[in-house]
Amino acid sequence: MADTMEQTKQTTDVVVYTNGSSLPSDKEIMDSMLQMRLQHAKKQDRDYSHLFRKKSRLELIRLSSVIVGIEFLYAAETAFVTPILLGIGLSHTFMTMVWAFSPVLGFFFAPMIASFSDTIRVQWGRRRPVLLALGLAMMTGMWILPHGKTIGVFFGDPDVPVDQMEGFRWSIPVTIIGLVLTDFDAETSNGIARAYFMDMCAPDDQSRVLTTAMFIGGLGGTAGYVLGAIDWSQTNLDILGSNEATVFMFVFIVMGVGLLITLTSYREVPLPLLERDPLLRPINSNAFEAEKSRQLAVYSISKDVIPEPIKPDQDAAVGIGDDDDEKPLRLRDFVRNIVHMPKSLFILYSTQFFSQLGYLSYCLYFTDFVGSEVFGGDVAGAPGSPELALYEEGVRYGCWGMAVFAVCSASYSAVIERLVKRFSARPVYMAGLLLFSLGMLLMGLVKEKFMIFIACPTVGIMYATMYSLPYLLISQYHSKNSFEVKDGKCVPNTTKRGFGADVSMMSCMLFLAQLIISLAIGSIIDAVETNVVVIFSASIFSLVAALTASQIVYMGL
């Protein structure tokens, strides 16, 4: 603790610390624990000191680079998947049902994959092997998705316009496979990646790495939407095929580079070593309270002797030699944790669920909304017709609007941490959701080009909010080992929960929301013969999310 204490000899022979007291503050105790673990980690066969030191912004960018590729992919999916599916002859009803395949798989398998990532015992770590496998599958889907129609023609599909397509066509299952691979793996990777980021960071860096990921992810999304707004058929890159094929080629490259940078950024502690050596584990509330009790007891033993700077005893510092926080979470424990979920997590997941309902209503159909409602085009128009040309122009215009959304997301993520410190998490969380609700309402009422650039920034604010604060809250719950507050105090949790599994449930909320949107919205669009209904739905869902956010347990955040 010598690095964190300022000791002076007083006439009473008592040590005085930086907090003006003769006893160490919580921060000084935490700093001493981090310093001791830092030195211990350096002495291992492999250096793991990065787990306990503060990281620079550049190091956080390197750690979270894969998010650039994921957001780049989201941008391409948002802009082009709906036109791709409609372009192979699917109606809105069946097109939206196709979106249901990946959320069905994700809802059941994403938590299991995340729970599996808590238990992997290979030398390379727990999160990175899963992230690599998901990344490779995602990149395979990226190549298939924009070429589904071409692959179908290779297998014998007739090469005819959309209005002449009928019967079974190979292009449909091939395109669906590409969509499932990209969509399911992208969102599952998102949760696993964030768990990896927070595993690699000291407590003070966890909020910084989340906001950094949102910032660079926003830049990646911006680049993706800008690429989607360009008419590549008028450039030398038209040899790659359609606009969709060109954009997905760029996505493929960006994803590969981002994935490689993240996977080679910082090594993980293998689970067997983590189980054997408590000093390589993250500092949880049990370890902190044990060390705090030990130090306070030591410093209160005698006031007649000048105490020497005391180095935390390695065995006493952890005080939890039989702690099982890093032991594998069995499947039955995982299922039990879902069934007997703490109320605080249920409210947090509910908020994320309604937030995702609102966001997906917007993003899955936004370019289609702009092309058909704002520009008055028709995706089913004959090749070369004014209707189809207007629709394609509207899709590209919508990409510019979504680029604005991504820029605002990146910008807002850079200041959201300071806003939380200034105003606390509750008003910041609710404000982000309410602004999005208002923006969607205005865009649905005023279907003009200028309104797109007024409403889209509110999407960026909401997106940055729902992909940072919920994950930070889960980290807060686990670091305090508490999911409940009574009389202003945290109630210790007695049930073992996996951090990766709890984070992955956020992905499940996306999958569940996407499933509902996929099965319901398409039929509603066909029934009312206008897709403006999805914009109003986004407004309503976000309003409900803001109401549930008011009931979240914020743990003083």
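Keep in mind that glycine also has a Cβ here, set from the backbone N, Cα and C atoms.
The transmembrane segment annotation in TrEMBL covers 60-86, 98-117, 129-148, 168-186, 207-227, 247-266, 346-367, 428-446, 452-474, 503-525, 531-554.
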Flag the pair the transmembrane segment (207-227) / the transmembrane segment (452-474) as in contact if three or more Cβ pairs fall under 8 Å (sequence separation 6 or more).
-> yes
Could you tell me what the rest of the chain brings near the transmembrane segment (129-148), counting residues at least six beyond its ends with Cβ under 8 Å?
-> 66, 73, 80-81, 84, 88, 113, 116-117, 120, 122, 171-172, 174-175, 177-183, 185-186, 188-189, 192-193, 196, 241-242, 244-245, 247-248, 251-252, 255-256, 259, 262-263
Top stretch by Cβ pairs under 8 Å to the transmembrane segment (428-446) (candidates 247-266, 346-367, 531-554) is 531-554
Under a criterion of three or more Cβ pairs within a distance under 8 Å and sequence separation of at least 6, are the transmembrane segment (346-367) and the transmembrane segment (247-266) in contact?
-> no
Same-chain Cβ contacts of the transmembrane segment (168-186) under 8 Å, 6 or more residues past its ends?
-> 70, 73-74, 77, 81, 84-85, 88-90, 98-99, 101-102, 105-106, 109-110, 134-135, 137-138, 140-149, 151-153, 155-157
Among 60-86, 503-525, 531-554, which stretch has the most Cβ pairs under 8 Å to the transmembrane segment (247-266)?
-> 60-86
